[in-house]
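Going by TrEMBL, these are the annotated features:
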| type | residues | note |
| --- | --- | --- |
| BINDING | Asp110 | Fe cation binding site |
| BINDING | Cys116, Cys119, Cys156, Cys159 | Zn(2+) binding site |
Amino acid sequence: MTESEPERISHPEHDHNLCIRNAISVAEQLCLSRGVQLTPIRHKILELIWNSHKAVKAYDLLDQIRPVNDAAKPSTVYRALDFLLEQGLIHRVESLNAFVGCHCSGTQHDQLLLICTACHTVEERAAPAVLSALGTELGDAGFVPQRKTIEIHGLCRSCKSVSAAASEKADKH
Ligand SMILES: [Zn+2]
Ligand SMILES: [Zn+2]
Ligand SMILES: [Zn+2]
């Protein structure tokens, strides 16, 4: 999705319903064109992941899916996650062992993930300059990467401003 604006993602005031609708319709179209099935359970898991831009763990998904599907087992959730990963609809955040929706869905791609340690929001950035520099570095090392995901932990834009405001307040006392 070239028209998505990554800057907006970390802003809590954006219209997140649009993100969800967009992600679901992209997933439906992709599965249709690839001849693979977005079964009800896969659909539901994708929806749950897209509840927010925060990374979610598999067992949290299981807790959330049980009220609507009491037959759901951990293996049901893991199989659905594997499918969504394979189709490039979600990303695994390795350092958190959690999952987040991909908003440039449809292709397997390298990415830079900015992970907020305060609110667990994950912002995905295409970061072409960074990844091409990394590619050069790997080439120089004669190293063949299978996958390139850079995960950076820190404070997102909104948590940073909250913590800046808090320390300003503390300074005044
Ligand atoms: Zn959103
Ligand atoms: Zn992505
Ligand atoms: Zn944050």
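Including glycine, each Cβ sits where the backbone N, Cα and C put it.
Not measured: the values here are computed from a predicted model.
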Whole-number Å only: compute the distance from the Cα of Cys116 (Zn(2+) binding site) to the Cα of the residue listed as 'Fe cation binding site'.
-> 19
Counting across all protein chains shown, how many other Cβ atoms sit within 10 Å of the Cβ of Cys119 (Zn(2+) binding site)?
-> 17
What is the Cβ neighbour count of Cys116 (Zn(2+) binding site) at a 10 Å cut-off, with all protein chains included?
-> 21
Counting other C-beta atoms within 10 angstroms, the emptiest spot among the binding-site residues Cys156, Cys159 is Cys159
Taking the Cβ of Asp110 (Fe cation binding site) as reference, which residues of that chain separated by at least 6 in sequence fall under 8 Å from it?
-> Leu131, Arg147, Lys148, Thr149
Just the binding-site residues from Asp110, Cys116, Cys119, Cys156, Cys159 whose C-beta lies under 6 Å from any atom of ligand 2, please, or none if there are none.
-> none
